[in-house]
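Comments concern the structure below.
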Amino acid sequence: MEAPAQLLFLLLLWLPDTTGEIVLTQSPATLSLSPGERATLSCRASQSVSSYLAWYQQKPGQAPRLLIYDASNRATGIPARFSGSGPGTDFTLTISSLEPEDFAVYYCQQRSNWH
């Protein structure tokens, strides 16, 4: 069995909103997976954020890259293996079959609206 290439680290983010503090909790904290496997990452909001949820990927020394916006829409140039679901309080980012370049940090972000 091939050893996992790397770990996916997730962050816990607190983001203010006009209605008060919204806490986004990502799980699991880490995933140990190999290329070709399926990755499922969860983000739970302490109150409904409708569909205003985005997923980002970040690699060392690079700026965050937008993957998914409005819960389920892929950003320009993002491969179809990335998909998102929502809305409400429970969101999921799925990578259907991991490629070596997918091993990175992933995090979710809530915004009250998009500008």
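Cβ coordinates are placed from backbone N, Cα and C, and glycine is handled just like the others.
What Swiss-Prot records for 1-20 is signal peptide. Feature annotation from Swiss-Prot assigns region 'Framework-1' to 21-43. Annotation comment: Swiss-Prot describes 21-115 as domain 'Ig-like', evidence class sequence analysis. Swiss-Prot lists Cys43-Cys108 with the feature disulfide bond. Taken from Swiss-Prot, the feature region 'Complementarity-determining-1' applies to 44-54, supported by similarity to another entry. Annotation comment: Swiss-Prot describes 55-69 as region 'Framework-2', evidence class similarity to another entry. What Swiss-Prot records for 70-76 is region 'Complementarity-determining-2'. Feature annotation from Swiss-Prot assigns region 'Framework-3' to 77-108; the stated evidence is similarity to another entry. Summarising the annotation, Swiss-Prot assigns region 'Complementarity-determining-3' to 109-115.
A 10 Å cutoff on Cβ-Cβ distances gives Cys108 (disulfide bond) a total of 29 other Cβ atoms nearby, all chains included. For Cys43 (disulfide bond), the same-chain residues that are 6 or more apart in sequence and have a Cβ closer than 8 Å to its Cβ are Leu24, Thr25, Gln26, Leu53, Trp55, Asp90, Phe91, Thr92, Leu93, Cys108.
Here the region 'Framework-1' (21-43) sits against the region 'Framework-3' (77-108); at least 3 CB pairs are under 8 Å, leaving out pairs fewer than 6 apart in sequence.
Secondary structure counts, DSSP: the region 'Framework-3' (77-108) has 3 helix, 14 strand, 15 coil. Same-chain residues lying 6 or more positions outside the region 'Framework-3' (77-108) and placing a CB less than 8 Å from one of its CB atoms are 5-11, 13, 24, 26, 33-51, 53-59, 64, 66-68, 71. Within its own chain, the region 'Framework-2' (55-69) is flanked in space by residues 41, 43, 75, 78, 82-84, 91, 93, 102, 104-109, 114, which lie at least six positions past its ends and keep a Cβ under 8 Å from the stretch. Secondary structure at Cys43 (disulfide bond), taken from DSSP and collapsed to helix, strand or coil, is strand.
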